Amino acid sequence: MSDNQSWNSSGSEEDPETESGPPVERCGVLSKWTNYIHGWQDRWVVLKNNTLSYYKSEDETEYGCRGSICLSKAVITPHDFDECRFDISVNDSVWYLRAQDPDHRQQWIDAIEQHKTESGYGSESSLRRHGSMVSLVSGASGYSATSTSSFKKGHSLREKLAEMETFRDILCRQVDTLQKFFDACADAVSKDEFQRDKVVEDDEDDFPTTRSDGDFLHNTNGNKEKVFPHVTPKGINGIDFKGEAITFKATTAGILATLSHCIELMVKREDSWQKRMDKETEKRRRVEEAYKNAMTELKKKSHFGGPDYEEGPNSLINEEEFFDAVEAALDRQDKIEEQSQSEKVRLHWSTSMPSGDAFSSVGTHRFVQKPYSRSSSMSSIDLVSASDGVHRFSSQVEEMVQNHMTYSLQDVGGDANWQLVVEEGEMKVYRREVEENGIVLDPLKATHAVKGVTGHEVCNYFWNVDVRNDWETTIENFHVVETLADNAIIIYQTHKRVWPASQRDVLYLSAIRKIPALNENDPETWIVCNFSVDHSSAPLNNRCVRAKINVAMICQTLVSPPEGNQEISRDNILCKITYVANVNPGGWAPASVLRAVAKREYPKFLKRFTSYVQEKTAGKPILF
């Protein structure tokens with residue numbers, strides 16, 4: 001055959017020097033870098049089956065290895081300066097190893113390189129060694145039959161390809177042998193036919209011989225054997241045709257079985273790759289979808305700073321998104337406030353307490369009258385309507401106070417128009433839903449009972465602007481526009497913006513009053529009344545939406561008589577608080593959002609403020 005030489009280029013005839021056999025297994029002690037704390041530690045290292053494994057010690061091999069790496073794609077790097085060290089890296093995993101001496105290191109490197117080389121696909125010695133698993137013997141006289149059961153399904157495609165190469169060599173030699181046999185047979189047949197034709201021609205020319213009795217004598221069997229002798233073709237005496245045929249059949253069966261297994265392996269790999277491709281395709285689809293959604297959200301957010309995505313008559317943000325954004329902004333403000341309060345507490349305990357009291361020491365339960373001024377706003381004074389300083393809003397203040405004393409103290413628990421929205425201990429918050437021209441004007445009323453403080457103390461802290469920032473967390477800034485009297489001022493304040501809602505500002509008159517009891521059994525009552533007014537010093541501006549308010553903090557002090565002749569202490573006093581708020585927020589915020597914010601923020605304000613008053617008055621003289 002013309003291709004016989006090329007087909008046999010990787011035949012089974014091998015030079016003994018090149019056939020080194022399988023790589024030698026190796027084991028021994030090497031120092032391995034563990035970490036920067038423990039440094040180099042001796043480990044028992046085993047090199048076997050193209051895998052490098054290490055154990056803590058030789059005695060602990062039965063407990064399993066501490067780690068192992070496959071050497072197929074390993075990179076072995078001798079250290080440039082340390083003659084005993086070499087590194088083995090596979091992807092991101094790196095082993096730092098040290099041998100006893102440079103020769104020991106070189107022995108390990110050579111052994112590892114040998115395992116790595118023998119693990120590679122396509123090496124000549126690897127294919128020859130794999131082909132030797134086929135139990136077919138090449139010889140001139142015949143080949144042993146090979147059962148297809150010897151081709152185990154567990155072999156890899158690489159091994160099966162090596163077997164196919166061995167089968168190819170065997171089959172080529174078998175074909176050559178059979179071709180020689182057929183050529184010899186053909187030559188013998190052609191010579192026999194030529195000789196037969198020649199003998200026949202000679203017989204036709206000869207005369208028959210005569211016997212003694214006169215009869216003719218014809219040549220029969222004897223002459224035939226001489227004329228047509230049994231000729232054995234030259235060159236086929238040493239060939240067992242039947243054996244060659246059986247071996248050829250076994251070889252072709254082996255090729256078909258191995259080829260079938262190769263196809264099966266390729267189909268499995270194709271299925272595996274198809275699954276991986278499907279998985280990667282699905283991942284890509286998800287990533288593209290997530291990217292698309294992220295870009296959509298990013299485009300949204302890029303426009304959220306514009307006027308179309310803020311509170312307004314033509315806002316593009318829907319009610320649900322509006323509520324979520326407001327809630328998220330309030331949560332952030334709460335976290336900032338918690339951090340601020342924690343810092344204040346830390347600074348409070350790290351510094352010494354100032355001497356003196358915020359309140360004037362006036363005894364334990366006797367009320368002393370003294371002039372009221374903003375500089376001593378926390379001092380006690382009996383503020384009654386008759387002693388108020390007259391100013392241009394006096395009649396308006398009087399009307400507001402009388403309305404609150406008449407209507408705000410009424411019990412609304414049984415009124416069907418009022419809804420109980422929050423109840424936490426002594427605190428109850430009611431709301432009555434009112435809308436006017438699409439604007440939420442829900443009146444709100446809260447009742448609370450606080451122990452250890454008086455109504456005068458609560459109202460003073462609520463009215464006094466000097467301590468406003470200590471408990472008020474929703475104000476961005478404020479200032480007193482005008483002082484009308486010692487107990488009445490006009491305040492302009494700007495509230496912190498809660499995106500996407502517009503920022504609000506408020507201009508209001510704040511007045512504090514003491515309402516004298518009609519009889520000695522009635523509780524002492526203090527009131528702070530805040531209601532919106534106009535002032536030339538604080539005109540409307542485009543930056544904020546001006547809100548209108550009518551708020552009252554009404555506090556009544558209840559005293560339980562102490563036992564015996566003991567003086568009244570804070571354990572004997574209770575402040576009953578009624579807080580009412582009528583707010584027109586203005587703007588275009590959704591009604592559901594305003595109601596949800598009010599339900600959330602009003603109880604928080606009341607708890608925070610009353611806790612602040614209790615904290616500030618603890619241990620100080622009682623101010624009735």
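For all residues, glycine too, the Cβ spot is worked out from N, Cα and C.
What you see is a predicted model, and the numbers here were worked out from it, not measured in a lab.
The stretch that Swiss-Prot tags with coiled coil, taken from the ranges 99-139, 263-303, is 263-303.
Among the candidates Glu472, Glu563, Glu567, Glu601, the residue that Swiss-Prot names alongside Gln493, Asn530, Tyr579 for the N-acylsphing-4-enine site is Glu472. As stated in Swiss-Prot, the feature motif 'FFAT' covers range 321-327 out of the listed 90-96, 321-327, 475-481.
Under DSSP, residues within the motif 'FFAT' (321-327) fall into helix, strand and coil as 7 helix, 0 strand, 0 coil. Every protein chain considered, the tally of other Cβ atoms within 10 Å of the Cβ of Asn530 (N-acylsphing-4-enine binding site) stands at 20.
Under the three-state DSSP scheme, Gln493 (N-acylsphing-4-enine binding site) falls in the strand class. Look at Tyr579 (N-acylsphing-4-enine binding site): DSSP puts it in a strand.
The number of other Cβ atoms within 10 Å of the Cβ belonging to Glu472 (N-acylsphing-4-enine binding site), over all protein chains shown, comes to 17. Per-residue confidence over the motif 'FFAT' (321-327) averages 75 (mean pLDDT, predicted model).
In sequence order, Ile475, Asn477, Phe478, His479, Asp505, Val506 are the residues of the chain that are 6 or more apart from Gln493 (N-acylsphing-4-enine binding site) and have a CB within less than 8 Å of its CB.
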